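All remarks here apply to the structure that follows.
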Amino acid sequence: MTSSLSRDLIFLILQFLDEEKFKEALHKLEQESGLFFNFKYFEDLVLGGNWDEVERYLSGFTRVDDNRYSMKIFFEIRKQKYLEALDKLDRAKAVAILNKDLKVFSTFNDLFKEMTQLLTLDNFRENEQLVGYRDTKTARAIMLVELKKLIEANPLFREKLQFPTVKNSRLRMLINQSLNWQHSLCPNPRQNPDIRTLFLDHSCRNSNDSFARLNGNNQLMCSVLKADSLLPISSNGPFQSLTPPVQTPLSIWMSIPSTASHPAVSAAANGSGFGFLGNPAAIPKGPGESSDGTYKMTFSGASDRIMLPGSNAVQSGIIDEFPKTVARTLNQGSVPTSMDFHPIQQTLLLVGTNVGDISLWEASSREKLVSRSFQVWDIGTSSILSKAALVKDPSVSVKRILWTPDGNICGVAYSKHMMQLYRYHGGNDIRQHLEIDAHVGSVNDLAFCNPNKQLCAITCGDDTTIKVWDVATGAKLYAFEGHAAPVYSVCPHNKENVHFVFSTSIDGKIKAWLYDLAGSRVDYEAPGRSCTTMAYSADGKRLFSCGTSKDGESHVVEWNENEGSVKRAYQGFHKHSSSVVQFDTTRNRFLAVGDDYSIKVWDMDNVNLFTTINAEGDLPACPRIRFNKDGTLLAVSANENRIKILATADGVRLLRTYDSHSLVASRVASETLTMNGGTRNLDDAKTRSTEESNAPRLWRLTEISKAAQLRSLRLSPTVNIDKISRLIYTNSGTSILALASNAIHLLWKWLRTDQNLSTKATTKAAPQLVQPTSGMLMTNDLTNSRPEDAVPCFALSKNDSYVMSSSGGKISLFNMMSFKTMTTFMCPPPVATFLAFHPKDNNIIAVGMDDSTINIYNVRVDEVKKKLKGHSKRVTGLAFSFLLNTLVSSGADAQIVSWNSESWEKQKSTSLQIPSGRSAAVLSDTQVQFHQDQTHFLVVHETQLSIYEVAELKCIKQWVAGESSSPISHATFSCDSQLVYTGFLDGVISIFGAANLQERCQINPTAYLPTNVSGMVFPQVVAAHPHEPNQFAVGLTDGGVVVLEPPEAEGKWGLPLPPPPSAENGLPTPVAASGSDQHQC
């Protein structure tokens, strides 16, 4: 046997040991052979703190001194073991670990000396580098993430982290084939041979047996065996003829319980468990599988291939039933990844995107009713692995978004561990219901079912499992295990009161489950072993699947459920696809697939492509598609983060009907509003836009001058401060952090009360000013600072644990829980003027300086990695786009520059256009902030608000303050990027719609300032709540902070205008606002 075959044999033995649950022997063979590194087993050892076994298992693959990756792996493990001993105050054990395990690193790692010094501390957390050490479980989980990266990068582990793709029970099958061959050589083969051992070759001893010798072409035996025995023929059992792998008909497995005892082994067809037929020739083959094991498309006969009549009139009548007219276009703002129409209010469209946002659209009026960004609702109940994954990489996308059949609940499956359920109460009222840490890794699909008159959610994920959850309580009811690869989709259904669910995995396997713990009932292979989704027709009578293989070949087929085989394979895919194509069914008649920059349509009864629709062009290569319940509307994802709504004639009428009940775009009359201290004419505000098509809804400008017209809450400090220079909500939305001009930080935190059970920031309950018992304040280092040069700035880490801050002196790093200064760095000059954490690495910060440079600083190694030069005056704004790997900077020179955040190379630059006849201050700050879609950003200057797109640094929208208007002090997007909250030096706060920079609402100082205020007080800085789009806070020049919300009865800022007369086609006619100059940026 060659070394290659020996290697394969070891893998088959590993598979056998795993199937038989000989776990100790399995992991011992993994370690001794060094062929397969089982990271799941390694993960369990690390999280369990079984350090001796961790190193013993590693020793089969690498040694400490093999390379720098190996050295780092062993160092991290032994360091953790050492810290745990110190944490338990076991000094003797810590000294032993230091001398025995860590001493080997003394000549290679400077940290050894520092670790020795930890023995002198009462609490090792007093060390500045370890102040963030929280508890053993969290530390192990965080270390595990680092170890995984080191192992994947280590060349010694190359090709050892992935188990070869091998069919289940491969070793059993090979043994069976050997016995079949031996039996075929018997002079007088028995029909029921008595095989009792594998130690000797088999031979039928009775030469007088009356059974005839098997024909040479029919001598193969059954290769699929019972899961609970090595051979089904071991105890005088019937010796069965070999047939191709059996695919059990749905009609059989629905009614017969499974006998599988081990869910990791594919359930096999046999006489007792799967309705095995007596006649081998009658056993149905797998979908599209021929007797020789090769894949062939199969059809049940000519009657299944009915051609549509060729008459143009007939063709026209049929195509009119399919939505093909582009009736609406929605600007989502980020790439749609999943969509679903409400089952009852069929113009309501739920959308999930690639940045984790969810939105609810009223398609008829093009209004975005609800927008939510991804946020863990209760981080305390999340698993350690979930926390570690989100801390390391916060980027999250929506994998599936779906309504329940009654439309009262919607579910969202995310690419990181989580499923969230919302309750829908109509309109824009959508409320949090349940959050479930569902899977390790991505939650790939979500569906709803009602197996026991109990509404349940079904999820599947990268951890190869399918789970069933009680929607009311969040309790896990079932967990199905049996797939060998990440599970890609689920499809629940019921027939004759039997409830079941299909699941598909990325390796092309299709399994079916009943709601019990007996394992999978069938094991099919999708055509082309494609990554597949399954769906029933609307009447539940026909089953279809659609998918794309690794080679880019796409397949759409209809299944014969009675035979477990492919009934039809639809034709029309001519090009390889770069991603998995999506499909949907409608009206029990049409199949639609997003492919090749278009929508391909088939009649269910005809395998030939019926028609192709390009939806007026501009579709991505594989657009996402979704029908409404009646099939009159079709949502299609388009380029530039848009969604096109295609409609039939009935669909257009449906949109008009709902549109007539909603407020639509109208004319804004020129008017002069009387305000506190004078007047501001709308002619002073010039709105410019280059996007005239699909004009957003226009709003009546609402003036608020009285406290009764809004909800407000003033937060006052207990220490003497001058003005608030910087302001931010924590990412959890439960606290507000302010930096005063005298370098003192103030933290207000909302506690749980009867008025505020959620602990989120609100105007209904007053927060508590947080101050440690020590009386310590977070105060910036002012050594070598010059007040005239000071530009206070700070940045908050994504997990709210640390704040980086400067007030003209050194940059300070504070622990948000203890208020302790962890470290200081970058002694001036030059002075830091703006700070921003890298979105993918909290150890990297971008520091804008008053000498016009940007320092890319690594906190961990205390080193400036790169110095960026592109401005001529101090840097006043920095913003990262994690989606585009871009850093955008702005300066007092009115320059905007984009940089590649990986190579740190300058990409483009442009100058802010100062309005003609206006002169900005010598050092007027220009701020930048990214839109939620991560491809556009807001530019704030004292003279204007502008929206730029990143790729070309092109201004696409602009609002310019009139000559009689007060300068802008600060502005920020709302959390959903639908509004822009703007403060002015005269104390007025304006709220703009981000879509067109139209002013919706003006809040006068008399509405939020006390009557006894003295001197000129105005908002120095504005901050938006991270989860509530209509809540924001302002930091004032008198040292106060005010939280503002619209009246509870209205729920949002401003009022839309009433509908105008509609055009002849029933669609709203956009009219430019009078009194405004419309022209290009």
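Count begins at 1; order follows the chain as displayed.
The backbone N, Cα and C atoms fix where each Cβ goes, and this holds for glycine too.
Curation does not apply to TrEMBL; its annotations are automatic.
According to TrEMBL, the protein carries these features:
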{"type": "DOMAIN", "residues": "36-93", "note": "domain 'CTLH'"}
{"type": "REGION", "residues": "1051-1081", "note": "region 'Disordered'"}
{"type": "REPEAT", "residues": "436-479", "note": "repeat 'WD'"}
{"type": "REPEAT", "residues": "571-612", "note": "repeat 'WD'"}
{"type": "REPEAT", "residues": "868-909", "note": "repeat 'WD'"}
Worksheet item: In the same chain, which residue numbers or ranges, 6 or more beyond the ends of the repeat 'WD' (436-479), come under 8 angstroms Cβ to Cβ?
Response: 381-383, 385-386, 399-402, 404-405, 409, 411-421, 485-492, 494, 499, 501, 503, 505, 513, 515-517, 533
Worksheet entry | Contacting positions for the repeat 'WD' (868-909) when only residues 6+ beyond its ends and CB under 8 Å are counted | 354-355, 394-395, 791, 833-840, 846, 848-856, 920, 922-930, 934-935, 937, 939-941, 948, 950, 952-953
Discussion item. Going by DSSP assignments with H, G and I as helix and E and B as strand, what are the residue counts for the repeat 'WD' (868-909)?
Written reply: 0 helix, 25 strand, 17 coil
Discussion item. DSSP-wise, what's the residue breakdown of the repeat 'WD' (571-612) into helix, strand and coil?
Written reply: 0 helix, 19 strand, 23 coil
